[in-house]
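Quick notes on the structure that follows.
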Amino acid sequence: MKFELDTTQGRARRGRLIFERGTVETPAFMPVGTYGTVKGMTPEEVRATGADILLGNTFHLWLRPGEEIMRKHGDLHDFMNWQRPILTDSGGFQVFSLGDIRKITEEGVHFRSPINGEKIFLDPEKSMQIQDSLGSDVVMIFDECTPYPATEDEARKSMQMSLRWAQRSRDEFDRLENPNSLFGIIQGGVYEDLRDESLNGLVDIGFDGYAVGGLAVGEPKEDMHRILEHVCPKIPADKPRYLMGVGKPEDLVEGVRRGVDMFDCVMPTRNARNGHLFTSEGVIKIRNARHRDDTSPLDDKCDCYTCKNYSRAYLYHLDRCNEILGARLNTIHNLRYYQRLMEGLRGAIETGTLDAFVTEFYTSQGREVPEVPELTD
């Protein structure tokens with residue numbers, strides 16, 4: 001992988017990630033394909049929304065279908081017929097989400113399978129081996145996602161263990177002679193000094209990119225912004241910066257303003273299946289009866305397949321009848337909305353008009369533009 005940085009405005013960055021399987025323009029949003037599929041979508045449909053890269057889930061793909069079946073197909077690209085870049089998370093967040101059915105030790109994590117209750121052990125070495133079998137273009141280190149709330153001492157112990165796991169991930173990745181890219185994950189909770197210690201330790205080990213983890217786990221939005229403002233300018237400028245698991249459209253806008261290059265989140269797809277649709281004027285709840293006889297498209301500014309061909313009334317009808325097509329059309333629209341947002345942000349950085357773009361983004365939804373500190377490096 002090669003990262004090219006074209007231009008900046010304030011801390012916002014316009015660039016690209018170049019892989020053998022294709023180029024990803026940044027800032028970029030990655031749709032989530034947990035089980036090797038973006039729910040309800042074919043790879044061709046996902047690509048048509050403008051997505052250049054997908055996120056796959058190491059933990060779930062390890063449990064089903066497993067490494068053996070994956071290797072029989074070649075890798076995840078061949079298994080799901082997506083021949084563009086794929087980033088896989090390490091499984092750390094999913095283990096974190098298991099709560100009481102897992103036990104974390106220095107060696108790794110013991111837990112029971114959420115599928116059949118089988119006892120399973122996952123450690124940094126195994127995570128690297130699974131991601132190697134997936135053929136991931138970007139491999140994430142195995143870490144512990146520091147929960148919120150956590151005391152500073154709890155966050156320190158968690159972060160320092162993640163650093164030790166980062167070294168083990170690096171060592172196993174190198175032992176496997178994996179030709180792809182490995183990203184480190186910055187932890188430390190809401191504590192700036194711990195974030196600094198984490199980043200410095202990761203830079204000493206050496207990675208191809210750096211993710212900010214342990215955010216969007218329940219902390220106030222102000223804390224997320226504060227941590228991003230603190231840590232992003234300290235990440236080596238020639239490496240991509242990835243904010244994991246974020247988020248709402250406004251989170252992408254605010255992340256880009258603070259120097260983030262990559263995002264992922266289940267929100268556009270999950271919300272689509274629940275009838276919450278993103279538009280240039282805000283969120284539409286298609287289940288609301290006021291859409292029953294509305295012949296207008298979801299968003300007259302949107303160029304997606306759904307908006308070009310179907311009315312709000314039709315989408316309301318599909319939802320009321322619980323038709324699968326409704327969830328699919330909603331997903332196409334929400335994914336395209338996210339990609340159009342990223343296209344707009346990239347264009348605004350290129351032309352030096354990011355402030356105007358951000359103002360239009362908020363005012364078109366009847367919202368005030370949030371105040372931010374002067375963000376310059």
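Positions of Cβ are set from backbone N, Cα and C atoms, glycine also.
Going by Swiss-Prot, these are the annotated features:
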{"type": "ACT_SITE", "residues": "Asp89", "note": "active site, proton acceptor"}
{"type": "ACT_SITE", "residues": "Asp264", "note": "active site, nucleophile"}
{"type": "BINDING", "residues": "Asp89, Ser90, Gly91, Gly92, Phe93, Asp143, Gln187, Gly214", "note": "substrate binding site"}
{"type": "BINDING", "residues": "Cys302, Cys304, Cys307, His333", "note": "Zn(2+) binding site"}
{"type": "REGION", "residues": "245-251", "note": "region 'RNA binding'"}
{"type": "REGION", "residues": "269-273", "note": "region 'RNA binding'"}
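Locations of recorded Swiss-Prot features on the structure.
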residue: Asp89; record: active site, proton acceptor; DSSP class: strand
residue: Gln187; record: substrate binding site; DSSP class: coil
residue: Gly214; record: substrate binding site; DSSP class: coil
residue: Cys304; record: Zn(2+) binding site; DSSP class: coil
residue: His333; record: Zn(2+) binding site; DSSP class: helix
Among the binding-site residues listed here (Gly91, Gly92, Gly214), identify the one with the smallest other-Cβ count within 10 Å.
Gly91
PLDDT averaged over every residue in the region 'RNA binding' (269-273):
99
Roughly how many Å separate the Cα of Cys307 (Zn(2+) binding site) from that of the residue listed as 'active site, nucleophile', to the nearest whole number?
24
For Asp143 (substrate binding site), just count the other CB atoms lying within 10 A of its CB, please.
31
Cα-nearest neighbour of Asp143 (substrate binding site) within the listed recorded positions, Asp89, Asp264, Cys302:
Asp89
Cα distance (Å, whole number) from Asp264 (active site, nucleophile) to Cys304 (Zn(2+) binding site):
20
Which residues of the same chain, at least 6 positions away in sequence, have a Cβ lying under 8 Å from the Cβ of Cys302 (Zn(2+) binding site)?
Thr279, Ser280, His333, Arg336, Tyr337, Arg340
Any idea what the Cα distance is from Ser90 (substrate binding site) over to Asp264 (active site, nucleophile), rounded to a whole Å?
14
